């Protein structure tokens, strides 16, 4: 599914302020990671990254490519490609708990300031 900024802001409201990361920071980071498209798959340095949050198959989810995956989120990677973001959010929070927001490389250079443009006016 191709989300809009406002749709995504609505769905991800529960993440606002989690571990000190604001909703506009998440929206910005997701935009620069996957363009709000749940179907995004990126192959990168022998890893494959899935979905809105670009969660990789080496550590966080399992697919048929990397064995063994640590599969910390205990989930099949293709679950991050559907429209239901519940499992994506659960895993993203685990990543944040363990790695911090810098797991998402876009965050520091692109999403740590000037965040007004990432707010949804309708909320």
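Counting starts with 1 at the first residue shown.
Just so you know, glycine gets a Cβ as well, placed from its N, Cα and C.
Positions annotated as Ca(2+) binding site by Swiss-Prot, on the basis of similarity to another entry: 79, 82, 84, 87, 88. Residues near residue 79 (Ca(2+) binding site) in space but far in sequence (CB under 8 A, at least 6 apart, same chain), listed by position: 61, 87, 88.
Taken from Swiss-Prot, the feature disulfide bond covers 6-120 (among others). Counting every protein chain shown, the number of other Cβ atoms lying within 10 Å of the Cβ of residue 6 (disulfide bond) is 14.
Annotation comment: Swiss-Prot describes 28-111 (among others) as disulfide bond, evidence class sequence analysis. Residue 28 (disulfide bond) is surrounded by 22 other CB atoms, counting those within 10 A of its CB over all protein chains shown.
The number of other CB atoms found within 10 A of the CB of residue 77 (disulfide bond), across every protein chain shown, is 25. Sequence annotations record features per position, and here Swiss-Prot assigns disulfide bond to 61-77 (among others).
Residues or ranges marked as disulfide bond by Swiss-Prot: 73-91 (among others). There are 23 other CB atoms within 10 A of the CB of residue 73 (disulfide bond), with all protein chains counted.
Here Swiss-Prot flags 1-123 as domain 'C-type lysozyme'.
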How many Å separate the Cα atoms of residue 84 (Ca(2+) binding site) and residue 111 (disulfide bond)?
25
Can you list the residues of the same chain, besides 79, 82, 84, 87, 88, whose Cβ falls within 8 Å of the Ca(2+) site's Cβ centroid?
51, 75, 80, 81, 83, 85, 86
Quick note, residue 82 (Ca(2+) binding site): same-chain residues at least 6 apart with CB under 8 Å of its CB -> 1, 38
In angstrom units, rounded to an integer, how far apart are the Cα atoms of residue 111 (disulfide bond) and residue 120 (disulfide bond)?
15
Secondary-structure category, per DSSP, in which residue 88 (Ca(2+) binding site) falls:
helix
